[in-house]
Amino acid sequence: MSSTVITGIGELTTNDDALGTIADAAVVIDGDRVAWVGHAGSAPDADERVDVEGRAVLPGWVDSHTHLVFAGDRTAEFAARMSGQPYQAGGIAVTVNATRQAADAELADNLRRHVEEAAAQGTTCVETKTGYGLTVEDELRAAKIAASVADEVTFLGAHLVPPGTDAADYVDLVCGEMLDAVAEHVGWCDVFCEEGAFDADQSRRVLAAARRRGLGLRVHGNQLGPGPGVTLAVELGAASVDHCTHLEPSDVDALAASETVATLLPACDLSTRQPLPDARALLDAGATVALASNCNPGSSYTSSMAFCVTTAVLQMRMSVAEAVRAATWGGARALRRETGDGAVGVLRPGARADLQVLDAPSTTWLAYRPGVPLTRAVWREGDRVR
Ligand code: NIG
């Protein structure tokens with residue numbers, strides 16, 4: 001196991017309350033863990049030395065919401081949207097058809113390619129979901145493929161009632177045979193609680209069945225309009241409720257009083273021509289906010305967490321520090337991986353050695369130079385991947 005000291009760090013964002021942000025810093029990586037963090041002058045020696053010459057270093061992005069087990073693309077649907085057509089949950093069925101027809105190797109290659117594309121832009125921890133299979137067999141293979149590549153896997157059999165299927169029968173299938181098949185391959189269960197997908201009662205049944213099997217809970221909620229998603233997520237103690245585009249004041253209060261993370265997906269809102277979520281109201285009320293890409297072929301085909309951070313700062317009234325924290329520590333919190341040995345989204349001794357170097361003196365440049373690729377170097381689990 002070799003060690004590396006990264007020195008000459010102009011600004012080090014640690015997301016650790018005791019360490020804070022450190023100027024003129026160094027980080028030591030030993031194997032796949034962070035071994036030491038502090039002022040460069042007192043850094044211990046290591047096998048290898050990398051001088052980043054005054055650049056900013058921060059934890060790798062933690063992308064806590066993607067849908068990357070898919071085949072096909074939805075360019076035509078996107079183009080139609082840009083000409084004024086609304087986004088509808090039913091578009092998911094197009095990807096379901098393409099995914100069912102694809103071979104396992106094609107799905108795995110596509111997933112790996114997108115995870116590598118994200119890593120080259122600083123993303124070092126990725127959650128991904130099933131949800132484009134919607135049969136027991138297709139959801140199971142999606143879960144297995146996802147588990148072979150992603151850090152965290154979420155079962156989303158309740159993504160859409162397959163066209164031509166009775167909704168009650170499908171919910172029974174998801175709660176029974178489908179969950180039984182996938183449970184050992186996934187850590188989480190999610191449900192698309194939205195008009196055109198699953199209502200509150202159906203969603204509650206799916207989540208309760210998942211909880212009985214020991215899975216953590218997540219909810220897609222309040223994406224296309226106000227609805228019961230946030231209330232349900234808070235009621236059931238879900239780790240996160242994702243989208244939160246259309247919130248009532250009572251939703252904001254409920255989130256602020258809960259442990260449920262509000263995961264905001266601004267690239268999706270832009271790509272579906274929805275308003276951007278009210279991050280300021282959530283933060284000011286005391287809710288925990290995460291930012292994620294929602295990379296998927298239908299509603300948000302980007303793997304760029306930097307784009308999400310930039311949008312959050314320029315359009316959602318988040319400060320740079322808030323947006324960077326939401327895209328690192330916030331994502332880790334949404335996955336319940338921000339503490340303990342091997343924590344992600346933080347740089348402290350014992351954390352997973354996941355970090356990125358910006359070609360910039362500070363994280364402020366993520367918004368100051370919008371759209372400019374600033375990722376200079378990336379370490380994931382101690383390995384330099386860029
Ligand atoms: O998070 N909202 C539900 N699921 C995805 C959309 C997937 C799709 O359109 O293919 C989302 O936006």
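Just so it is clear, glycine is given a Cβ too, placed from its N, Cα and C backbone atoms.
These numbers come from a predicted model, not from an experiment.
According to TrEMBL, the residue from Ser2, Ser3, Ser299 that belongs to the 4-imidazolone-5-propanoate site alongside Arg74, Tyr132, His159, Gln223 is Ser299. For His67 (Zn(2+) binding site), the binding-site residues whose C-alpha atoms fall inside a 10 Å radius of its own C-alpha are Asn296, out of Arg74, His159, Gln223, Asn296. DSSP assigns Asn296 (N-formimidoyl-L-glutamate binding site) to a strand in the three-state reduction. Mapped onto three states, the DSSP output places Gln223 (4-imidazolone-5-propanoate binding site) in coil. The subset of binding-site residues (His65, His220, Asn294, Gly298) lying with their Cα within 10 Å of the Cα of Arg74 (4-imidazolone-5-propanoate binding site) consists of Gly298, given in sequence order. Classification of Arg74 (4-imidazolone-5-propanoate binding site) by DSSP places it in coil, neither helical nor stranded.
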